[in-house]
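According to TrEMBL, the features are:
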type	residues	note
DOMAIN	171-301	domain 'EamA'
TRANSMEM	38-58	transmembrane segment
TRANSMEM	79-98	transmembrane segment
TRANSMEM	104-124	transmembrane segment
TRANSMEM	136-155	transmembrane segment
TRANSMEM	167-190	transmembrane segment
TRANSMEM	202-221	transmembrane segment
TRANSMEM	233-251	transmembrane segment
TRANSMEM	263-280	transmembrane segment
TRANSMEM	286-306	transmembrane segment
Amino acid sequence: MRAAQSLFIGITALMLVNAVDGLKEVYFGMLVQALDTVVVTFVLFAIAWPVFFISYLLNPGSTRGMQSLTTHKASVRRCVVMLNFSSAALWISFLCALKWVEPAIVSALVGGVGMVSVLILNKLMRPSAVMIGADYLAAGLIVFASLYLCWASFADRTAVQDEPERYQVLLGYLMMLVCGVAMALTTILSKMVADHGVSSRYLYAHRFYLLLAISGTYAALNTGALSAVVEHLVTLTLLALGGVILPLLLLQEGIKRCEPVTIEAILAMAPLFTIIFQAADSRLTFSMFSFIGVILICMAATYNGYAHLSRLPTEGVNV
């Protein structure tokens, strides 16, 4: 019963992440049309990171997991270093992709690439992880839907009214590929750290140093772009609170309670929320081609999640 309750809380947290991320992706997509994406990333995390770090310092239990570690302490620190790289790649590539590609497609392809990457990386990095046939079937369907959405984008069949140049679309897809792999790596590394009993406060206080260093250096060298972004400081502050801090905290709760493949399967449903919210973006119109691709990915994710829920007695749940 306790395991079932824990898994339910984890899945609920991940579904809330989907809803918040759907709204965030659409708004970010509109915002980065006129602003530099890397500078936007810097300002968002210059606001969000101090909140995480202060929360870590003010909570006496935040370091309890690290202090109790002996043989695993070096392993945790290696994971945190790797998390700095994956987090930087994830956020910068994500916002760059939103500049040129329909938000629902970004969400769908990142989720698809992420799930396939999890299947590969999870076995390499966590050999004890339980994999089932549904994982591979769902991943295959997601890959198919991702390729279909790729075709729709290059054939000008998506919701974007004013299609960008072909090289911009290609760059957008490259960024989505990077983002999906980085998301999978971030999920697995976060799970490995959580398995050692390290708190989410410790993790978020220390995983964004490289992101801030890269984006901050870029912003310092592009003062004109920084000035333009600072004009939207109030909006970016609200986005940092509701679009960065809140979903990251919810995501860590889901990571703590669910297996990585289950996490990626649920997060792969995010495009359904995105395609609903993007009706508010005047740049976009409804596209049946995009909708079909999104539905295929959501069906695969739902099937995979159900398959793991049916195996609850044998699937480990860490609290």
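First residue shown is number 1, and so on along the chain.
Placement of Cβ uses the backbone N, Cα and C atoms for every residue, glycine included.
Model, not experiment: these values are computed from the prediction.
Per-class residue totals from DSSP over the domain 'EamA' (171-301), listed helix then strand then coil: 111 helix, 1 strand, 19 coil. Residues 21-22, 25, 29, 94, 97-98, 131, 135-136, 138-139, 142-143, 145-146, 149-150, 152-153, 158-159, 172-173, 176-177, 179-181, 183-185, 187-188, 260-261, 263-265, 267-271, 274-275, 278, 290, 293-294, 297, 301, 304 of the same chain, all 6+ positions outside the transmembrane segment (104-124), place their C-beta atoms under 8 angstroms from a C-beta of that stretch. Most Cβ pairs under 8 A with the transmembrane segment (167-190) among the ranges 79-98, 202-221, 233-251 are made by 79-98.
Packing against the transmembrane segment (202-221) from elsewhere in the chain are residues 38-39, 41-43, 45-46, 48-49, 52-53, 55-57, 62-63, 65-66, 80, 83-85, 87-88, 91-92, 190, 193-194, 229, 248-249, 252: each is 6 or more residues past its ends and has a CB under 8 Å from a CB in it. Within the model, the domain 'EamA' (171-301) shows a mean pLDDT value of 87, rounded to a whole number. Note on the transmembrane segment (79-98): residues 25, 28-29, 32, 37-38, 40-41, 45, 106, 110, 171-173, 175-176, 178-179, 181-183, 185-186, 189-190, 192-193, 203, 206-211, 214-215 of its chain, located 6 or more positions outside it, place their CB under 8 angstroms from a CB of the stretch.
The transmembrane segment (38-58) shares the most Cβ pairs under 8 Å with 233-251, out of the stretches 136-155, 233-251, 263-280, 286-306.
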